[in-house]
Amino acid sequence: MRILGIETSCDETGVAIYDEEKGLVANQLYSQIEMHADYGGVVPELASRDHIRKTLPLIQEALKEANLTAADIDGVVYTAGPGLVGALLVGSTIARSLAYAWNVPALGVHHMEGHLMAPMLEDNPPAFPFVALLISGGHTQLVKVEGVGQYEILGESIDDAAGEAFDKTGKLLGLDYPAGVAVSQLAEKGTPNRFVFPRPMTDRPGLDFSFSGLKTFAANTINANLDENGRLDEQTRCDIAHAFQQAVVDTIIIKCKRALQQTGYKRLVMAGGVSANKQLRTDLAEMMKNLKGEVYYPRPQFCTDNGAMIAYTGFLRLKNGETSDLSISVKPRWNMTELPDISTTGG
């Protein structure tokens, strides 16, 4: 079985082909970051238009990369949500049109389930069950995972996601969008403990997150350290970035440890754009070593949005016999716990 996967939920156009016998045989990705940087964030209308321009050429490139033709494809899957409705509709419309033309099944895939399954593409994939930390620009969730489709949300952000907090704080520090990587680069040059940020919601029970207060704390710290010209010196910028990042990482570490203790699990899977953060990876690895557990995450190229994770996740569900009709429907808001459980039905 060979599955074509299409990802268009936000500002990356991803197309990939997953082969049941050979694994991932094609992976094409186009990022719109440069286009949106001028606006300081993703412009939904521009994102949709760019997906229209890029998706079909990327499909052609993916087929070429895999040395396949349309006749070799056994199913088409696409991101149906969550995400920007216009962007989702582009991928959905193209995917379903191709499925109809090629007379193969089509299926909408949950974007965050795709992220959750991304580590399965690695040579040493995690075994079930595990706790998953899904951490991106739009989501921060801790999920109890017992199998494909067996999900329980243990905790999530009640306001800004971690990636969103990085971008907003980066903007306050004068960094261009998207600012997450740039904040981390500044943080590497920061002086530890010059500034101490709070660790939100760690002084009470529970596994929910809150990151919006850190942005406010950063703004107040910046304003309190401006020189007579209203500017921050470079070292102070680095020190604030360091304090902010350490607060986010420490908060995540505390919540992950609680989730593992609550479930009794020894495996932690981390996925999503922020999972590429070096400090977070280092500190999580240290925590899991102390707990005598294991941490898994995808290679950096599969941390951000991509077609590979969608193709693989769709493959799992199509192989299980799950399909949907050819109506064009997307779900900008979609709870992962609503997904069918295929863990005990041969998937």
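Our numbering is plain: 1 for the first residue shown, then up by one each step along the chain.
Backbone N, Cα and C atoms are what each Cβ position is placed from, and that goes for glycine too.
Fe cation binding, as stated in Swiss-Prot, involves H111, H115; the candidate among D250, D283, D305 given for that site is D305.
D167 is the only one of D160, D167 that Swiss-Prot places in the substrate site (with L134, I135, S136, G137, G138, G180, N277).
D167 (substrate binding site) carries a helical DSSP state (H, G or I). The Cβ of H115 (Fe cation binding site) lies under 8 Å from the Cβ of L134, S136, A271, G272, M309, each on the same chain and at least six residues away in sequence. Between the binding-site residues D167, D305, the minimum number of other C-beta atoms within 10 Å of a residue's C-beta occurs at D167.
Recorded residues D167 (substrate binding site) and H111 (Fe cation binding site) have their alpha carbons 21 Å apart, per Cα-Cα distance.
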